[in-house]
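**Student:** Before I ask anything, here is the structure I am working with.
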C-alpha cells in the first residue's frame, strides 16, 4: 500500500504553490500520495506563514495537536516549512521535539534527502532554513495540474524592507528565476490543459530574469511571452509593489489582451506621512498616477489593495486620508487588518499610543466602505454577459458550476452538461449580485 502525505498550508498563494511542489517532489522521490486526512498520513508537513499576528503560536498549537498522532504512531514523520520555520529554526525542535524536520521556503527541494536521513537515523535533527538563491527550481520535478488555473513562481524574496514586513527576513532578498525555467513550466502546464496562469512573487513586478543569451527580461516582457503560449488565455500576477510598477508594465494593459482587467496593488495606507514611516518609497499621488494611467488603457479594470490600519503613529487625519483614497480609486476589494508588530522588524520598536479599540473601529469602518464598493461593482455587472473560466463545481452547491470573471468575481451557474464545460471558457449572463459571488445563466452552450 502506498504511503500517504498530508500537507497543511497557512498563508499566501506562494505557500500554496510551494505546497503543491512539495507534493510533486515527494510523489516522485518517495511515491507518497496526498491524503485529506492527517490520521492516515505517514508524513505530515506544515507550511507556515509569518505575516499575521500570533503566527508562531498558531504553528505550535497545530504541532501540539499532532503530538498525539506521533505518540500513537512513532514512525510518523512531521516536518515544518515556510516562513515561521525560517524565523524559528532550531527553536521549533526545542519547543516541539516530536518534529522531525524543519525547512525554509528556499530549501523545500531538499525534502527527499531530509526524509531519507530521518528514516535512516532517527536521532539526527534535520533543520535547514538557509537561503540558497533560486537553487530549488533546478531540483523540483515538473508540476502536475488537474485544473484550468495554475500558479507559477517567477521570483523569491523581497528587497524593499518595509518597516512592518518580515518577508525579507524569512524569504530572503529578491532573486529572479531564469526566463527559460519559467517558460518551460508554463508550456508544461499549458500542455496539461491549464488556461490561466498566475505569476507569483513577493514583489513580482521586480522580476528581472535572464534568458540563455544573458539578456534581461522584465515582467512585462515575460507576460508577453506567456501570452504567446498556445492555450494560455488569461494571465494574472501577484503580489506587486507600486515602486516597481514600470512604464512597460503599465503599457502591457494596452497591448496584451490575455492580461486580465484586474490588478491587486497593495498601498497599505493613504497618508504620505504613514507611507514614509512604513518606508514604502512612494507617495499617494505617485500611486494614484499609476492606476489612472492603467485605467486610461483599460477603463473596465478593477483594482484591489492591501491596507494596514493602526500603524504606529496613525492619527484620525491619516485614517481619513486612507478612506479618501479608497473612495477616490473605487477599490473593488482588499485584504485589510489591524497592524500587529512582527518580531525583528523596525516598526516593532515604534511607540504605539492608539488604543486597540480605536484601531478595530477604524478597520470596521474601512471594511464597511469597501464592502459597499464591492457590491456596487457587482450590481453594475448584473445584466452583463461575462466570459467565465469554469474551474469546477460550486463547493456550496454541487449542482452548480463555478468559475471566475476577468475581474476575479466568482460566478455560480447551472448547465445541462456541466462536466463537459470544466476547464473551458463559457459566456454567462449575470443575474444576481451576492456579497461574495455572482449568479448567472449560461448564455450559450458553446465552450471555447
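Please read every residue number as a count from 1 along the shown chain.
Cβ atoms here come from the backbone N, Cα and C positions, even for glycine.
Heads up, here are the entries from Swiss-Prot:
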type: BINDING; residues: 12, 49, 83; note: [4Fe-4S] cluster 1 binding site
type: BINDING; residues: 158, 162, 165; note: [4Fe-4S] cluster 2 binding site
type: DOMAIN; residues: 3-120; note: domain 'MTTase N-terminal'
type: DOMAIN; residues: 144-376; note: domain 'Radical SAM core'
type: DOMAIN; residues: 379-444; note: domain 'TRAM'
**Student:** Cβ within 8 angstroms of the Cβ centroid of 158, 162, 165: which residues besides those meet this for the [4Fe-4S] cluster 2 site?
**Tutor:** 160, 161, 164, 166, 167, 168, 202, 203
**Student:** Are there any residues at least 6 positions away along the chain from residue 162 ([4Fe-4S] cluster 2 binding site) with a Cβ closer than 8 Å to its Cβ? List them or say none.
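**Tutor:** Listed in sequence order: 268, 278, 279, 280.
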**Student:** Within its own chain, what residues at least 6 apart in sequence put their Cβ under 8 Å from the Cβ of residue 49 ([4Fe-4S] cluster 1 binding site), listed in sequence order?
**Tutor:** 10, 11, 12, 15, 55, 82, 83, 84
**Student:** Look up residue 83 ([4Fe-4S] cluster 1 binding site) in the DSSP assignment and reduce it to helix, strand or coil.
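**Tutor:** The three-state answer is helix.
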**Student:** For the domain 'Radical SAM core' (144-376), what is the mean per-residue pLDDT, to the nearest integer?
**Tutor:** 96
**Student:** Would you mind checking how many other C-beta atoms are within 10 angstroms of the C-beta on residue 165 ([4Fe-4S] cluster 2 binding site)?
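**Tutor:** Its Cβ shell of radius 10 Å holds 22 other Cβ atoms.
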**Student:** Can you count the other CB atoms that lie within 10 A of the CB of residue 12 ([4Fe-4S] cluster 1 binding site)?
**Tutor:** 19
**Student:** Need the DSSP three-state call for residue 49 ([4Fe-4S] cluster 1 binding site) to compare against my parser.
**Tutor:** coil
**Student:** What number of additional C-beta atoms lies within 10 angstroms of the C-beta atom of residue 83 ([4Fe-4S] cluster 1 binding site)?
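**Tutor:** Total other Cβ atoms inside 10 Å, all chains included: 26.
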**Student:** Note the Cβ centroid of 12, 49, 83, the recorded [4Fe-4S] cluster 1 site, then list each other residue of that chain whose Cβ lies within 8 Å of it, in sequence.
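**Tutor:** Everything else in range on the chain: 10, 11, 14, 15, 48, 50, 51, 55, 82, 84, 170.
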